[in-house]
Number of protein chains: 2
Amino acid sequence: MAKSLPVSPLASPLPTLGVVPGVRLGAVEAGIRYKGRTDLVVAEFDAGTTVAGVFTRSKCPGAPVDWCRTALKGGVARALVVNAGNANVFTGKAGIETCRVTAEAEAELAGCPSSEVFLASTGVIGEVLPTGKITAALPGLHASLTENGWEAAARGIMTTDTFPKAAVKKTEIGGVPVVIQGIAKGSGMIAPDMATMLSFVATDAALPASVLQALLSEGTGSSFNAVTVDSDTSTSDMVLLFATGKAENPAINGVDDPALASFRTALNELLLDLALMVVRDGEGATKQIRIRVTGATSDKSARVIARAIADSPLVKTAVAGEDANWGRVVMAVGKCGEPADRDRLAVSIGGVTIACEGTVVDGYDETPVVAHMKGQEIDIDVDLGLGEGKATMWTCDLTHGYIDINGSYRS
Amino acid sequence: MAKSLPVSPLASPLPTLGVVPGVRLGAVEAGIRYKGRTDLVVAEFDAGTTVAGVFTRSKCPGAPVDWCRTALKGGVARALVVNAGNANVFTGKAGIETCRVTAEAEAELAGCPSSEVFLASTGVIGEVLPTGKITAALPGLHASLTENGWEAAARGIMTTDTFPKAAVKKTEIGGVPVVIQGIAKGSGMIAPDMATMLSFVATDAALPASVLQALLSEGTGSSFNAVTVDSDTSTSDMVLLFATGKAENPAINGVDDPALASFRTALNELLLDLALMVVRDGEGATKQIRIRVTGATSDKSARVIARAIADSPLVKTAVAGEDANWGRVVMAVGKCGEPADRDRLAVSIGGVTIACEGTVVDGYDETPVVAHMKGQEIDIDVDLGLGEGKATMWTCDLTHGYIDINGSYRS
């Protein structure tokens, strides 16, 4: 992990980040695992901040995930502590103790109960996290927090990421301007159903925790839970959404309040932006792939099919080789066990229909498809011709870079 | 596909093959796709040969799979025609017609109804198979068939295989010696539930088709359906088992007849031998991996967990890198949704317990595990500590070779 990776050819530039009133953050070099870079991030929130969270569905989650699930019940957040380089997973009682000690140390600095401190860790599994390095670094970091610390935070949570990931949206609630700003990390061990990575989003909107949770759960379904890099669901990952209330927008009357329309759209766009940055930094990725499935017997079935295509090593290596090997798409549709009728199936790549009704189209000219395959954003569309179910999923190609990164991660 | 691949470092030597009385076979260069090698294989069976088959569960199977499923209803086989280089999948009406014409041409040569001719194809999906090249080559091939054609047949069905695969077992039924001999091909698009590849096995035993089918279905469960190379289930794959009856063993009284004990064991061993050869020729494989899961809530649950580990790109790249990264095994256990309790989980590699009860063992010494990881056969054992369910699955590592082969397969 000492060697730095070349930046993804799909890297997105860091947008110009603003502040989210009520949020101060920063990063420091705590020396947990990496040398010569920041690896500990803290965010502190003004009193009155509500919080929502979505977590990995792994049956073997890390201790910080357990901690956050408990803390989330209060619906209130005053601080967030994140470290990179060690995931604090499968660390037994020591891992639980690390969470308690870290949260208490931060709680004292932030002046809040430890149950209002949220924790996240990312990195190697199965090594005890050196709590002392964190508690030693926290006071200095606390003293340095600033409203302008977003870029530092985005950089401090990176592991195999090759570029920092952040997004910002300006919107309104009831005519009052509000901002939503977030950061994310992740490039491997990425798969739907809250695998994916860490992402922390904050807004100055005033929203009850229950509304915030409903919006976040809805938004992650078509963003973080619709991307996959390698089908491997992490033990650690989470998206947290904090709302400081500083915008002083009018009170919201439940999640279906029409006044939330713009905010909901902006939040969903921001979550998708962040999720796609994770795909675009997929380990070894050289191409982003969008898979749209239509005509399935249900949305759920379409989602299973889209994921089977997105996770197929043969589809992903074909894209890496710029090979419009649509036969592998047919294979992936067939393998996942969902209702499909070979003789009604249609496959398009780059908007060009290649096959329909069980065979290649008459006079199929590969030229425009070959040209599309040379681009960085590949579109694969499958229509099953059976019903109205549809789903979209995003992934990246599978290249030598993935093998390079993951064949020697710990060394 | 023109360039030949380096032979797998895990290649098994071809055993000394005998004959199976009642079976004559051979191979010829039909020029379907490859140049300078055989690509069309025929086997003919004496009258009275029974047959059993197990097929891909793909919802988009190739036309030859449909053909064989229908032919199998008769329980009788007189010929088998296999081509390599073109899978005759997703070829619509043309593909169905290819099957009909091929079977009729072979039936005329073998002197049987076309419904007693079995067909298999392997190779690229979505291109029409040039039937004329097959029918033109069949008469000459028919004239050259020999009881000693097994090695030629094993070579003629290869695609990205780097070595020919065959196995032979001598056994007995009711004191009468019988032989079982088989060939297989496959090295990518390999996953359980009859993906896997093509395999054709023959015996001179006299067994009714119903008994043969029961034995084959049972034997593939712990062999061909317990191996995975890349999680990608093929549209084409099948195992066919032919019994010529030439051994004239005593009649069998159903599949539970004690006289079948030795035969059953020998068949199961032979099927596992062939299946492991496929793993050992997994595209780019440098290591064979055996995953044993115990202590699951059921055998079915154990199987899902074993497969999640076997299919995890992160586990497979770690093995490729000779990295005893057991944390990724924990991740894979967690991701598959089956019952698991982090705090009861134990993980061993190479027989050394690394972690148990939710954390690494006290004083864990990585040295013997590091040594084990440098070998060619890697053993990963997971105990869930929940029940009696167990399963074993085999796979190979994920290397640059896989990317090389599959990023340029059609070019």
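Don't overthink the numbers, they just go from 1 along the chain as shown.
The backbone N, Cα and C atoms fix where each Cβ goes, and this holds for glycine too.
All TrEMBL annotations are machine predictions without curation.
According to TrEMBL, the feature substrate binding site maps to B:Thr159, B:Lys185, B:Thr196, B:Glu283, B:Asn406, B:Ser411. If you look up TrEMBL, you'll see B:Thr196 marked as active site, nucleophile.
Distribution of TrEMBL features across the structure.
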residue: B:Thr159; record: substrate binding site; Cβ within 10 Å: 23
residue: B:Lys185; record: substrate binding site; Cβ within 10 Å: 29
residue: B:Glu283; record: substrate binding site; Cβ within 10 Å: 29
residue: B:Asn406; record: substrate binding site; Cβ within 10 Å: 28
Residues from B:Lys185, B:Glu283, B:Asn406 facing chain A - binding-site residues, CB under 8 A: B:Asn406
Reduced DSSP assignment, B:Asn406 (substrate binding site): helix
